[in-house]
Amino acid sequence: MTRVPTRYVIVLLTFICTFVCYVERVGFSIAYTAAADTAGINQSSKGIILSTFYYGYACSQVPGGWASQRIGGKHVLLFSFMLWSLICALVPPDPSQVKLLILARLLVGVAQGFIFPSIHTVLAQWVPPHERSRSVSLTMSGMYLGAAAGMLFLPSLVKLQGPRLVFLSEAAMGSMWSLLWLKFASNPLRSEPPKATAAGFGQSLLPIKKMVNGGVSGHATKIPWKRISLSLPIWAIVVNNFTFHYALYVLMNWLPTYFEQGLQLSLQEMGFSKMLPYLNMFLFSNIGGVVADHLITKRILSVTRTRKFLNTIGFIVAACALVALPMFRTSFGAVFCSSITLGFLALGRAGFAVNHMDVAPRYAGIVMGVSNTAGTLAGIVGVGLTGHLLESAKSAHSDISSPEAWRSVFYIPGYLCIFSSLMFLLFSTGERIFE
C-alpha cells in the first residue's frame, strides 16, 4: 500500500482544524442569539457579547505567530485547541451571566487567536510553492464548511436540546481533533518538504537553518519588524484581510438575526438553504486555489498578476452582492446574495490570503499574525457597530424588519471591498521581498 505523503496528512488535519473552529464560532452565535432573544436582550448588548471574542482574538495573533516561530506551530496549535475546548465545556450560554460570558468569549478568542498563525507556520514548513495556493485554500475552506455545517445542524439542536448542548458538542469536537493532531502530526525534517519542479520553483520554505522540536534554534534569523511595518505590499494584504473579515464576521454573526427579524423567517424552517452561503465559500475557496496554482504553474500569468486578478474579481463581485442584499425581501434573494458575497470573497482569498507566503515565506506565521490582527479588529468594529446600527434603526422604525434598517449594515463592507481591491491592485506583488 502506497504511503500517503506526510504533507497531505498535515493539510487534511489543518482543514479539519479550521472546520471545527468555525463550527464553534457559528455555534455560539446561534446558541447565544436564541437564548438572548428568549430573554429579551437588545441588539446593542448582543453586539457586545458577540464581539468580545474578537478582542481576545486580536490580542493573540502576533504572539501566536511569534510563539509558532519559536516553539513550533505543532505545539502551539495543540495547546490552543485544548484550551478553547475546555472553556466551551465549562461555560453555559446563559445571557443573564454577562460577566462570565464576556470572560469566556475573551478567553476563547485568545486561544483561537494562536491557531491561524501556527497553521501558516506549519504549512510554510511542509508545503512546496507549486502546491501553496490549493493547500492554503483547502485548509481555509474548512472554515466555510464548518460554518455551513453549523448553520445546517445547530439551530435544530438548539431547538430540541437547548443552547448548552451546542457548547458541549463543540468541546467534544475540539477534544477529538486534539487527539488526532497528537497522534498524526509531526515536525518536518530538513529534507522532508518536497522540491517543486514546475514553474521554476524549488526553494525550501523552512524559516530556519536547523529545526529543534518543531521550533527554531538559537541561530534563527531576526524578525525584520520595521521593514514589515513599512512594506506597502504587506499593507495591501493587511487592508484586504481587514475587509474580508469585516464582511465575513458581520454576516456570520448577524445573518441569523437578519433571517429571523429582518425577513421574519425561521432558521429551523429554512432547511438546507441557510447553509448555502458557507457551502459556496467552501467551493469557491478551493476553486480559487486550484485556478491560482494552474495559472502560475502553467505560466499563464505571473504570481503577481494571478494574485491581483483573483483578488479583484472576488472583492468587486462581493461588493455588488452586498449592496444588492437589502433590496431582496425573500428567502431566495437573501440566500442568493449572501452566497454570492461569501463565495466571491472566498475566491479572493487566493489573492491576498496566500500572498504573505509569496512575499515573506520565512516569516509566514508572523505576517499572518499581523494581517489577522487587522482581520480581528474588523470583527470588533464590524460586529459591535452592526449592533449599534440596528438598535438605532429599531428606535427609528420600531423594529428591524425594513430594508432601511439593514442598508448601512451591508453597504459599509460593500464599499470597503471596492477600496481594498484598489489597494491590492496598486501595491501588491507576488515576488519575495523578505529573505
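Here, residue 1 is simply the first one shown, and the rest follow in order.
Yeah, the Cβs are placed from backbone N, Cα and C, and that goes for glycine too.
Predicted automatically and left uncurated, TrEMBL annotations should be read as such.
Not measured: the values here are computed from a predicted model.
Taken from TrEMBL, the feature domain 'Major facilitator superfamily (MFS) profile' covers 10-432.
Residues or ranges marked as transmembrane segment by TrEMBL: 6-23 (among others).
Residues or ranges marked as transmembrane segment by TrEMBL: 76-92 (among others).
Listed as Cβ neighbours of the transmembrane segment (98-124) (distance under 8 Å, sequence separation of 6 or more from its ends, same chain) are residues 10-11, 14, 17-18, 21, 24, 28, 32, 45, 48-49, 52-65, 67-69, 72-74, 76-77, 79-81, 83-84, 87-88, 90-91, 132, 135-136, 139, 205-207, 356-357, 361-362, 364-366, 368-369, 372, 376. Sequence annotations record features per position, and here TrEMBL assigns transmembrane segment to 98-124 (among others).
Per TrEMBL, the feature transmembrane segment maps to 136-158 (among others). Long-range Cβ contacts of the transmembrane segment (136-158) within its own chain (Cβ-Cβ under 8 Å, at least 6 residues beyond either end) map to 11, 14-23, 25-27, 30-31, 34, 119-120, 123, 127, 165-166, 169, 252, 256, 267-268, 272, 274-282, 285-286, 288-290, 292, 342, 346, 349-350, 353-354, 357.
Tertiary proximity for the transmembrane segment (232-255) is limited to same-chain residues at least six positions away from its ends with a CB under 8 Å from its CB atoms, namely 25-26, 29, 50-51, 54, 147, 277, 311, 315, 318, 322, 338, 341-342, 345, 348-349, 351-353, 355-356, 359-360, 367, 370-372, 374-379, 381-383, 386, 390, 409, 412-413, 416-417, 419-421, 423-424, 426-429, 433. As annotated by TrEMBL, transmembrane segment applies to 232-255 (among others).
The transmembrane segment annotation in TrEMBL covers 275-297 (among others). Sequence-distant contacts of the transmembrane segment (275-297), counting only residues of its own chain at least 6 positions beyond either end whose CB sits under 8 Å from a CB of the stretch, comprise 26, 130-138, 140-141, 143-152, 198-199, 251, 255, 303, 306-307, 309-310, 314, 335, 338-351, 354.
What TrEMBL records for 309-327 (among others) is transmembrane segment.
Positions annotated as transmembrane segment by TrEMBL: 333-354 (among others).
Residues or ranges marked as transmembrane segment by TrEMBL: 366-390 (among others).
Annotation source TrEMBL lists transmembrane segment at 410-427 (among others). Same-chain neighbours of the transmembrane segment (410-427): 232-233, 235-237, 239-240, 242-244, 246-247, 250, 307-308, 311-312, 315-316, 318-320, 322-323, 325-326, 345, 348, 351-352, 382, 385, counting only residues six or more beyond its ends whose CB sits under 8 Å from a CB of the stretch.
Tertiary proximity for the transmembrane segment (309-327) is limited to same-chain residues at least six positions away from its ends with a CB under 8 Å from its CB atoms, namely 240, 243, 247, 284, 288, 291-292, 295, 301, 333-334, 337-338, 340-342, 344-352, 403, 406-407, 409-411, 413-415, 417-418, 420-421, 424-425, 428. Same-chain residues lying 6+ beyond the ends of the transmembrane segment (366-390) with a Cβ under 8 Å from its Cβ atoms: 43-48, 50-51, 53-55, 57-58, 61-66, 69, 109, 113, 116-117, 120-121, 223, 228, 234, 237-239, 241-247, 249-250, 253-254, 257, 356, 359-360, 400, 405-406, 408-409, 412-413.
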